[in-house]
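What TrEMBL records for A:T55, A:V216 is pyruvate binding site. The active site, proton donor/acceptor annotation in TrEMBL covers A:Y143. According to TrEMBL, the active site, schiff-base intermediate with substrate annotation covers A:K171.
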Protein chains: 4
Amino acid sequence: MTISASTATVRFAGVVPPVATPLNQDGTVDHASLARLVEYLIGAGCSGLFALGSTGETAYFTDAQRVEIARTIVETTAGRVPIIGGAIELTSVRVIEIARQLVEVGIDAIVATAPLYTLNSPTEIATHFRAIAAAIDAPLWAYDVPVRVHSKLGVDLLMQLASEGVLHGVKDSSGDDVGFRRLLAANAAAGHPLQLLTGHEMVVDAMLLAGADGVVPGFANVEAEGYVRLYEAAAKGDWDTARTEQERINQLFEVVFQPSGLSGDATGVGAFKAAMAARGLIDNATVATGVESLDEAAVTSIRAILDSHGLLSAR
Amino acid sequence: MTISASTATVRFAGVVPPVATPLNQDGTVDHASLARLVEYLIGAGCSGLFALGSTGETAYFTDAQRVEIARTIVETTAGRVPIIGGAIELTSVRVIEIARQLVEVGIDAIVATAPLYTLNSPTEIATHFRAIAAAIDAPLWAYDVPVRVHSKLGVDLLMQLASEGVLHGVKDSSGDDVGFRRLLAANAAAGHPLQLLTGHEMVVDAMLLAGADGVVPGFANVEAEGYVRLYEAAAKGDWDTARTEQERINQLFEVVFQPSGLSGDATGVGAFKAAMAARGLIDNATVATGVESLDEAAVTSIRAILDSHGLLSAR
Amino acid sequence: MTISASTATVRFAGVVPPVATPLNQDGTVDHASLARLVEYLIGAGCSGLFALGSTGETAYFTDAQRVEIARTIVETTAGRVPIIGGAIELTSVRVIEIARQLVEVGIDAIVATAPLYTLNSPTEIATHFRAIAAAIDAPLWAYDVPVRVHSKLGVDLLMQLASEGVLHGVKDSSGDDVGFRRLLAANAAAGHPLQLLTGHEMVVDAMLLAGADGVVPGFANVEAEGYVRLYEAAAKGDWDTARTEQERINQLFEVVFQPSGLSGDATGVGAFKAAMAARGLIDNATVATGVESLDEAAVTSIRAILDSHGLLSAR
Amino acid sequence: MTISASTATVRFAGVVPPVATPLNQDGTVDHASLARLVEYLIGAGCSGLFALGSTGETAYFTDAQRVEIARTIVETTAGRVPIIGGAIELTSVRVIEIARQLVEVGIDAIVATAPLYTLNSPTEIATHFRAIAAAIDAPLWAYDVPVRVHSKLGVDLLMQLASEGVLHGVKDSSGDDVGFRRLLAANAAAGHPLQLLTGHEMVVDAMLLAGADGVVPGFANVEAEGYVRLYEAAAKGDWDTARTEQERINQLFEVVFQPSGLSGDATGVGAFKAAMAARGLIDNATVATGVESLDEAAVTSIRAILDSHGLLSAR
């Protein structure tokens, strides 16, 4: 693999939200709302975008739909911030197929998980990432989300792949803060080859104190400004302000705990979209086809939380 | 969904092996060996074939490769036995895409798992199967393999989908023999709408005694005749012969426990392919790209086990 | 360790139910009902008893209570059948303490799990069993119940301990029928040093066909005669009768699926005790202190199931 | 339950190390080293002690040994700091038995987990804690350590028990930093009824920033002064110093990653004790009976890490 100068310099730090995928009521992609959402996120000060992640419901789309979603995000962004795109697939040959299509439409970097469905060893998982990196013309990131992938990427594996130039960064949604702290230390000791972003939007202050380069907060789709303020405070070493902002965000984040009896996907993305629609950031709260909708009670609770923070749309 | 008379009568019972996918040393599909393997399985008396399952390493192939594999199996089979094809994908829209391609080349029925990567409720999993069944022109089966899918299909869910005509059968690789027994009882009480096959090749006699309609034994790729004899003995109520055959097979099955330190996929399919190559049933023991190969010691042990049962190729 | 001639000849095979622990409404042990239950089980033809297992709610009792429970079972049994007692504790030093007390009051053999709460390797688990066996004057059995212990006893570990004379048998409640089949084969190959009992009461016919020496059915507390008939049919090779009996039992066993929304312990033992009380085998359906009781609807459903099989008490 | 004025005022915050249990080479408790260790911890500025936790290997001791260990800690402490004692047992009736003995010898508060081995609902787990609190004359804390207990204590459950006066605090070793953050917020909103300590010694700075009241660092047995400095810096809002100290500690903490191929208990406590012995804080590195010892290579690596930080004993 040859990393070209241009790809090697794409960097993702600060606030890099995973862009939700607004849908029309019939389940098709609402590209107008998507473009509006991208404008909102960039306008709020986000320093990069993560297209086609879990918050973007990427697993529920065909490759053709994924490419169209990526295209809208790329065209709306128009180079103002870099975009990393999720290539969520079973194994490397399949990751490569979709990754190339995403790069083709202008995605700047690719993030992939360990293989899905298969039963692989760490050695095989390393081979998987090497194969992807060698086959695509963009920097590769690893996405560590064991609750979905059902395997955990270890510190040694990640640092080995960093030393080879295979990986450029990690999006950590592992929920393993001790492991992430060890990764931060190992990365620092190795000269910081990886950019390390946390996906845990409720503990960003703590993760930044620990040394994270940035955050991928799904909740920024609902309110991005807070994360930008939080990050800027942390960057200045003003930890009290960072914490205060985090605590305010966390009160808002309670929207996610309003639905009851639904699946993880229905609850998480469903609450985000309900809040986004209530704020007027997107037209409909429709979730991916096959995922259950929130009931009226949950939506009412979500609106009340937003209202108590002055975040309800005047529309 | 309208089930046409023709599709509704496709039945899978008896011995329905998941066809392994022989590879050339460069990792490309060895269609000649695949055709030879299909001939072997049909010649041994198998009553159906399962294309593109876990034993077939389907997760490691692109859709284009999957279609070519299916085509070879269909053309070689030439209608002698029915073929069910695995459509292993993240969610229903993606399952439907590949399932339609498989039906197009002549696959007679489709088997799909619950969604992968996503976090869904039983209600959403039911919706997933309904969407697939409604969109394809072939009977749908459910594949229950929690070790890979990380969710378990419950008895109530399966029987509900059976009552709706959504599901025609289940391939059970759940390792939950109590749950499978309850499913057998519920299915019998409902008039046997589902055909129920076990994937656990080491306990086929017991599962047939319990009422299973048949078996999907990966190990039949190594030696299919034993399973046919076992099934025929059980069908006659000759349980002592069935058990004796099962115990002989289980001694042979120890080939799977010879590799050490490798992943589940490397060990399982790797041992099968090493044994198949040693018997001359396929040309190379090559496993899917990215999966580690067995070492020489494991291969030697596998050959010794085959030899002790007179199953080593004279070639 | 010296195994005396007497202890070495204690054998458990056939139907060896785990004796439930009847309670008074105030949560104290109802020794009169316990004695009546023991009489029922022996009278029905059970060939041994398992005191202080999970069905016996042993975890919910103090050591003093455990000893009193064991004493009542021993005294009522009066040597008619052998009794194996559960010594369910965190680690070997604690297992030994209670095991010695149980042997003191006349329990014939001890069954222990791998350590609880601790994080041990297979090597350490083997040391654990060796320490227990060396310290007690009774044969030791292993109890494999991963759903409670959260570790699985492997075939190699068990056979190694059998070869050393440390273990005399295994009560398998692992739910891993493939692993149990491998254990049966390894045990047969080694000259049958272990007696292997299954705890899975819904698949006894299949496990006996596979070679199990017997069964530890919690459900025998509700109706023991069926298991005795099942075992006797299997012993004669009359597998059709065995299966028919199993299927009848399994219809009855649906009592366990009547409660909803309760814990595993509340559901399982609660349903057994409700059915036992409904049949008049014990006075009260009271479950251990701290465990939730069944609601009236569940009890009514349980009674209806019993009634449909002519098993409701005339009282 | 009546909480007396005296018990209600026992508070644990700051650095409250779980005291390791030094052993003689024959496995008996080395009370002289234990007293020396307690002196070391108090002298280093710890504000409380946690006796008989996981680091104290409490699961491996009989009740009689536990009481003797507690007595030595109590007598050596002589009231200088409060002591909380672990009552790690299967269910409430058994927790109460040992807890009362610990309170009898002078332990100031009790910490208990959810039930072990049993299969309980959150409702039953709440009942468990209520029963313990009502039966002991000391404040009760909850110990949340799912890797050992195999169930997680939820925020709602803990806050409900706090509102009832049942729980006075939580020792969180759940590894779920998002859940802990939610607990911190809920506790703050409720008027801080619970004292919340983290057990994750590698992320103390971040947890203190998030609002934790203190830390229970097993690694303080190796070096306590760093945690005291870290806590004091955090208490003053000097987060850069806190982080720098944490990062220094984390370099030292790599001692835990030197052993390979051993169990969790052998690795964790084994590494602590090897480092403690190397520093001269205790006489022997002997771990609990039945747990494997570190090999020479691991001990050498541990000594090298200590040496590089100037922490090796001159002895």
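Each Cβ is built from the backbone N, Cα and C atoms, and glycine gets one as well.
Quick caveat, the model's predicted, so the values are computed rather than measured.
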Taking the Cα atoms as reference points, how far is A:V216 (pyruvate binding site) from A:K171 (active site, schiff-base intermediate with substrate) in Å? 7
Using a 10 Å radius around each Cβ and counting other Cβ atoms from all shown chains, which of the recorded positions A:T55, A:Y143 yields the largest count? A:Y143
May I ask for the distance between A:Y143 (active site, proton donor/acceptor) and A:K171 (active site, schiff-base intermediate with substrate), taken between their Cα atoms and rounded to an integer number of Å? 5
Counting every protein chain shown, other Cβ atoms within 10 Å of the Cβ of A:V216 (pyruvate binding site) number 29
How big is the Cα-to-Cα gap, in Å, between A:T55 (pyruvate binding site) and the residue listed as 'active site, schiff-base intermediate with substrate'? 13
So what sits near the residue listed as 'active site, schiff-base intermediate with substrate' in its own chain, CB-to-CB under 8 Å and at least six residues off in sequence? A:F50, A:G53, A:V111, A:W141, A:A142, A:Y143, A:D144, A:V145, A:L197, A:G199, A:V216
Name the secondary structure element type, per DSSP in three states, that contains A:K171 (active site, schiff-base intermediate with substrate). strand
For A:V216 (pyruvate binding site), the three-state class that DSSP assigns: coil
